[in-house]
Amino acid sequence: LVVSVTSRRVRFWDDFERDENFEEERPYLRNVKRACNDYKSSSYCRSVGSRNECGIHKYRMYCRKTCGSC
């Protein structure tokens, strides 16, 4: 009996090194991808900030500008 254990298959969209090179070649895309914006409404993000929930990863990503994550 032979058992083979392998890690998950690498997919072409998992090529992180290629992604980094792509970002370096086109700096205008880097600025667009990492823009400092709130992705939820301003009232939603204000309430997150007032409840001091910026430490929770989900809220920090939704309200990057309000929580000061960028």
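Our numbering is plain: 1 for the first residue shown, then up by one each step along the chain.
Keep in mind that glycine also has a Cβ here, set from the backbone N, Cα and C atoms.
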Choosing among Cys45, Cys54, which residue does Swiss-Prot name as bonded to Cys63 by a disulfide?
Cys45
Measuring Cα to Cα, how far is Cys63 (disulfide bond) from Cys70 (disulfide bond) in Å?
10
Rank aside, I only need the closest one: which of the disulfide-bonded residues Cys45, Cys54, Cys67 has its C-alpha nearest to that of Cys36 (disulfide bond)?
Cys67
